[in-house]
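**Student:** Here it is: the structure, laid out below.
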């Protein structure tokens, strides 16, 4: 990679199934894992603006990876002019076509806020799961976010817009947003249904059978979860129309996927409000292990696992469970401040990078 975060230039060849990146905070450990995540999913869980990923005063950042099957993936982030994706040297018409060859699942200390944090964190987590299963979902999310921004801009223009013209534009927005919203809702619901039985099993294992997990999808529109797609679309369109007075007063759309919630319950009670810190950590760990298992089942091969400073946030028992579950099947990139959390077997089959290897501007490999 070149010009990415604090790395002027870094070249690294992975020689073992596991890469342990060891050192204090601030040397670029998380940045390395973030670069892999970007190549695999086109998304970063740490920021939403590409300009924050490009090294200070650099015109661009370049990420390139070679896979075992010979595939060459490349993503260029430009300070002026957006992104460009290439596969095997060929420029892709759509960034989306870069998704698939490098499936990866990330688990970071930030994910531990999944249970007790705001609903947006759970939506983002569920969206990452859906993207693993259906890469075209990225296009739906992009379309919806553009429509939502354009709708907000229309309201901000306020008095500058003729009321009749504004209502006609809102009618058009309602039709488009209802269609895209329905497709997002259905995919989120489908992914959660696939994930739930696996997550329930992991939660039972992690709690020695004492806790029963329930995952509930609560759409940001008043919908019957069992309805077919067309009734959903019509219901959302009607709700968008009815909420316009409140939308005008508050300045934000009150209906749609951006208001969805995923309810996580243990023993029938909300884990966010009543779960202990240990229960919440076990729940997040179980969800991540379920995600890993589901992707492996569906595609017949294990995804790359990115563990970013998460071991320090888990007690020794949960650390052991996570590392044991990963086993020998998954290629792992792990960042940590110390080697002490890794047993001898893990170290023996790992490539280890220490602070000097990741100093800003150093080229290795």
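Yeah, the Cβs are placed from backbone N, Cα and C, and that goes for glycine too.
So Swiss-Prot has the following annotated:
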{"type": "BINDING", "residues": "23, 24, 25, 26, 27, 28, 29, 30", "note": "ATP binding site"}
**Student:** Here the binding-site residues are 24, 28; which one has the lowest number of other Cβ atoms no more than 10 Å from its Cβ?
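**Tutor:** Sparsest of the binding-site residues 24, 28 by Cβ contacts within 10 Å: 24.
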**Student:** Could you tally the C-beta atoms, other than its own, that fall within 10 angstroms of the C-beta of residue 26 (ATP binding site)?
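**Tutor:** Looking across every protein chain shown, the total is 10.
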**Student:** Helix, strand or coil: which one is residue 30 (ATP binding site) in, per DSSP?
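**Tutor:** The three-state answer is helix.
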**Student:** Considering the binding-site residues 25, 30, which residue's Cβ sits among the greatest number of other Cβ atoms within 10 Å?
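**Tutor:** Highest number of other Cβ atoms within 10 Å: 30.
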**Student:** So if I draw a 10 Å sphere around the Cβ of residue 29 (ATP binding site), how many other Cβ atoms end up inside it?
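**Tutor:** Other Cβ atoms found within 10 Å: 24.
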